[in-house]
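Q: To start, I am sharing the structure in question, which I have written as structure tokens.
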């Protein structure tokens, strides 16, 4: 612990926390986490494989779905190694540089996922409100540019927060309240003026999540207005059904995200279990539930999964 009083942050060692009070059961607690990561990785890889190999799914909606699967995995995977190192009693230590890299990936892809959900909302708006121009506007080239722009926007705006951490002295505890690194967790340990990080972080949340959620809300208002003008009841239900999966994905991301922010800002003295529970929901629920929701609600994805599972059996029978 000699490094805990050092002002040389680059060489500092921090300590991650598992489930306080349940250290004896960490090996057992790791089992449901292992299952959740397995389900999330398998489900998202399955969607990526189906979208890549099925020519029928080479459409804007499914390209954005593949983008969502990539951001889901990129947001949750950086936490997997440190989580299991803690739960399996391998090591609770994490170096400053690795910690900053981990939180950079978590926060960058969290903001990127919000941008992808906005792009998916605009995709549904174009498909329902302007179907004749849909394919000519949302070309694969434009979709690729949207994905790159979403990633660059998030990563570039996160850099000032990460860069400021290198100048903070950490003269108090070096123990985090989670099994991975979060920005709001680290700045609480700093012995310095953290107002810039607090204010900039809040502005970033308002600008990125706020504007994205506003864009999603406005897009669905236009979609609803257009759907209500469809004459047939069957047509209205079909149009609304295409948006149902997206609305679920939005709620799955934003509800835990808002809950975690509220807990960190207004419930600092609540039980550590509350903070840990909310943090794991925030990072694990979207990658686990999104593939399930899109598999259940999207006929083409269901058919792709069925074809993937059944085609080897059919070919073996015919041989």
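Glycine too: its Cβ is placed from the backbone N, Cα and C atoms.
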Q: If you look at how TrEMBL annotates this chain, which of 273-293, 294-314 comes out as transmembrane segment?
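A: My reading of TrEMBL: the transmembrane segment range is 273-293.
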Q: Would you kindly check 94-122, 142-163, 199-223, 273-293 and say which stretch has the most C-beta pairs under 8 angstroms to the transmembrane segment (63-88)?
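A: Maximum Cβ contact count belongs to 94-122.
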Q: Report, as numbers and ranges, every residue of the chain located at least six residues beyond the transmembrane segment (28-51) whose Cβ falls under 8 Å of a Cβ in that stretch; write 'none' if there are none.
A: 18-19, 22, 57-58, 62-63, 65-66, 69-70, 72-73, 76-77, 80, 83-84, 87-88, 280, 284, 287-288, 290-292, 294-295, 301, 304-305, 308
Q: Are there residues at least 6 beyond the ends of the transmembrane segment (244-267) whose Cβ is under 8 Å from a Cβ of it, and what are they?
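A: Hits for the transmembrane segment (244-267): 68, 110, 113-114, 117, 120-121, 124, 184-185, 205, 209, 213, 216, 220, 274-275, 278-279, 281-282, 285-286, 289-290, 293-294, 297-298.
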